[in-house]
Amino acid sequence: MSDILRELLCVSEKAANIARACRQQEALFQLLIEEKKEGEKNKKFAVDFKTLADVLVQEVIKQNMENKFPGLEKNIFGEESNEFTNDWGEKITLRLCSTEEETAELLSKVLNGNKVASEALARVVHQDVAFTDPTLDSTEINVPQDILGIWVDPIDSTYQYIKGSADIKSNQGIFPCGLQCVTILIGVYDIQTGVPLMGVINQPFVSRDPNTLRWKGQCYWGLSYMGTNMHSLQLTISRRNGSETHTGNTGSEAAFSPSFSAVISTSEKETIKAALSRVCGDRIFGAAGAGYKSLCVVQGLVDIYIFSEDTTFKWDSCAAHAILRAMGGGIVDLKECLERNPETGLDLPQLVYHVENEGAAGVDRWANKGGLIAYRSRKRLETFLSLLVQNLAPAETHT
């Protein structure tokens, strides 16, 4: 299992290289945007985009995993279709070929004969990427490969990726929008139980060199299986344990701290915003991208990511859910939380990843229908939910 996670870290870095390469030239980037077909549109946005970068990343992840772990590819699922129609009306199925030259030739068809762009992309796609992590390298965990399913969101926050804002200032470490909100999400789950087991979140655009204007990224991972919990922030947390501001909000003093912080979507319902302002005061942050908002919880920048609508999907939440599980947290169904009586001692309604929504079509089959709350500390979540319910209008807790 740690071999699979190691490989996922490598392919996520290769994916990040592709995402960065596609942003290097504005002229090239204009070629890479194709509006999504009606059945594939995410209804939250009036206009949604499918990019060649999206599809390339998804195919690179699929085919690299297939090469290293034959059979696993049939359980890799994602948002993107790998079919393109070029300006000449040709329908092309995009795949990773065995050589750089063949991939460049196929990409050239998608890009209407643009050889320079095609060759540049093929070079990045076929580049070997090494990734080492001392914590992971010292671990060996075995799990049957045939119980694993993988959700991939090749480029989450596509709108921010296309817009490409590079000079957005953060608010207490949280970016409201811009390239920093773009993430590559890979979540591994148990296909029998739907429980998330491993997660990788790669943030391709973290800091930009002022001289070269090239971007550097950051990668986060977590593993939670059969009582073993590990994550990439362990070293950061242990270094900070001596101070009052350590990451992680664990321990009794954190559980009873009266102040909460939350990250939300700018499109969040006014009723939720009003209740949150009574619970969190001015510690509410708006940010783009479900993956990025979840990452803010992973990083300990906020206690909670809350979203009341049904426009996030399994590929948006699985990676962060696995990392948060490894940290003692999770992602739960908001609607079920609001309807639950905490006095009955029922388990928190964790999201699961193996079951379609009954009666739904298209991408809605995999929507997180009840909304979600991502958290790092169960005690903090219980206290937060109690306060949220008290501050919501009575009707809102049952909608």
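Every residue number used here counts from 1 along the chain in the order it is shown.
Backbone N, Cα and C atoms are what each Cβ position is placed from, and that goes for glycine too.
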Among SER224, SER277, SER317, can you tell me which residue Swiss-Prot lists with the annotation phosphoserine?
SER317
Let me know which member of THR139, THR311 Swiss-Prot also records as binding 1D-myo-inositol 1,4-bisphosphate at the site of ASP156, SER157, THR158, SER267, LYS269, GLY289, ALA290, LYS293.
THR311
Quick check on the annotation: Swiss-Prot has ASP153, ILE155 binding Mg(2+) 1, so which of GLU66, GLU73, GLU79, GLU83 does it put in that site too?
GLU79
What is the separation, in Å, between the Cα atoms of GLU80 (Li(+) binding site) and ASP153 (Mg(2+) 1 binding site)?
8
When you rank ASP54, ASP153, THR158, LYS269 by Cα distance to SER317 (phosphoserine), which of the binding-site residues ends up on top as the closest?
ASP153
Cα distance, GLU79 (Mg(2+) 1 binding site) to THR158 (1D-myo-inositol 1,4-bisphosphate binding site), nearest Å?
12
Long-range neighbours only, meaning 6 or more apart in sequence with Cβ under 8 Å: which ones does ILE155 (Mg(2+) 1 binding site) have?
ALA19, THR51, ALA53, ASP54, VAL57, TYR161, VAL182, THR183, ILE184
